């Protein structure tokens, strides 16, 4: 994967057109570098660094990795701090092994400094929002072991807005982060739910109490493929957002409810604490508010609140909203007074809000129903398995545990049966499997019989040691093709053509997208399939002897003619038919493994411009040749 300069020229023209049509100052636009903008770039500022040439940040000379902007509203009473960060790797490898954000200690220090610039004025509220490309699940730690999450928790951000996943894995790519002081916490590896429940403790309402360390992470879709856009609003310290889908066409009216907040994706433990301790700003709770953007004049906006206590949507509020005429927003802010204390409830999803707007053309726009909790409780939302896979797993922390568990497991399923055969006279036979009818004995027979194909067994063992001790392949890691590197399970080793610099093991844990699928979906199935083919031969022989009524010693004397003209030919033909389909399934499985493997090899060849016979012959041909050998050795005579 590498960049296309024509796409960058198109991007530059589109952004200039947006600035011109909107009438907005170009200086308020911030476009961050992502991993695709860094593909094949050896050094920032290089001729291949199209981001520095065509992006708005590049054109305005924003060369730093951290950019902070502070907006001051309401005569200095409200401050909103926005901090953008670029955590792409300093050496831009080609994809697919350029997948993670790699914040350095220097970057973390700069982010920390930007977020703390108003801490000397604790009495003036500051809403802090950071934005970057990579979700924290795809962000590595720095050399000292620090992470962006540590910095964000320290400053209790309102939100961290990110991209990278392109909405491919679901709509709920959001995550609530809460500090955990437990030494042994699973949060280092997993977070199983979108929300976290704060630990129950004594309520400390003193003004000197330490603040809750928390923040929301909101991944957003991309414009190019999903035509997604996000509008984010800060209303008296309450941060809300609305995601707009333009795939179905343009929108005449857009509505963003700003208070009360959606309890599923926007409630925080600090707001719950402030409400319980009555430290919140009462004026921010006294009205239901919504921003309305419309191409036509709006004639009416209505707020509706539903009560689901009895399992139905029972309307309890149906009130027209008034335009406040607030000029601090490009949209119109509508509000309606309400008795917020009447909606205090121990359930976070009892009450639901909906806003309806009608324009002068008679067109009506209605928001989706959204639960709210005025006392700041969290609504429960479950991730799908795909959403959990990309948002709930800390992949940097998981990479080496998964890698070594996989390697040890592969080594053990090869070595334990071999040791058992060496030290024990007992062997698992077909009769043992029939007698026990157990899964374990069947697997034992499969692994044992692989040992009886010694060349294949030693081949798989040697292949595993090759993957551990030697480079997997060599390829061109940059767009210009002058500098090559080789990849191991620890990352890429790249030596520049000027011989002045050398980068050891960069792109870790990014290489996991190559390493783990190969071990789990190619090597492991190949070993098990080979053992199954060897075991199928033994089972076939056992059934054959059982049907023929002859002893095992007589089996070697059988030839095809005696089988063909045996007096029990009818029974034997049925047996052959019954045994044939098992081997056929195993052969199809071997073909699938080879197809999967060669598909991966083809992708790597295209990505790094490699020749499979010159740059990675062992990786490419090792598994297919071993499978072909096992198929040949286990064929029936």
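Each Cβ is built from the backbone N, Cα and C atoms, and glycine gets one as well.
As the structure is a computational prediction, the values presented were derived from the model and not from experiment.
Look at TrEMBL and you will find 250-377 tagged as domain 'TMEM62 Ig-like'.
Under the heading transmembrane segment, TrEMBL lists 398-421 (among others).
Mean pLDDT, taken over the domain 'TMEM62 C-terminal' (400-617), works out to 81 on the 0 to 100 scale. Taken from TrEMBL, the feature domain 'TMEM62 C-terminal' covers 400-617.
Look at TrEMBL and you will find 455-473 (among others) tagged as transmembrane segment.
The annotation transmembrane segment is assigned in TrEMBL to 511-535 (among others).
Residues or ranges marked as transmembrane segment in TrEMBL: 581-598 (among others).
The annotation transmembrane segment is assigned in TrEMBL to 613-631 (among others). Through the fold, the transmembrane segment (613-631) approaches residues 453, 455-456, 459-460, 463, 466-467, 470, 472-475, 522-523, 526, 529-530, 533-534, 587, 590, 593-594, 597-598, 601, 604 of its own chain, all at least 6 residues removed from its boundaries and within a Cβ separation under 8 Å.
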Residue numbers, six or more beyond the limits of the transmembrane segment (511-535), whose CB comes under 8 Å of its CB atoms: 96-97, 99, 395, 399, 402-403, 406-407, 409-410, 413-414, 442, 445-450, 452-453, 456, 460, 463-464, 467, 472, 487-492, 583, 586, 589-590, 593, 596-597, 600, 604, 623, 626-627, 630-631, 633-634
Tertiary contacts of the transmembrane segment (455-473), as residues 6+ beyond its ends and Cβ separation under 8 Å: 407, 410-411, 414-415, 418, 486-489, 493, 514-515, 519, 523, 526-527, 530, 604, 608, 610, 615-616, 618-619, 622-623, 625-626, 629-630, 633
Beyond the flanks of the transmembrane segment (581-598) by 6 or more, those residues with Cβ under 8 Å of it: 518, 521-522, 525-526, 529, 532-533, 536, 539-540, 620, 623-624, 627, 631, 636
Counts of helix, strand and coil residues, the domain 'TMEM62 Ig-like' (250-377), according to DSSP: 16 helix, 56 strand, 56 coil
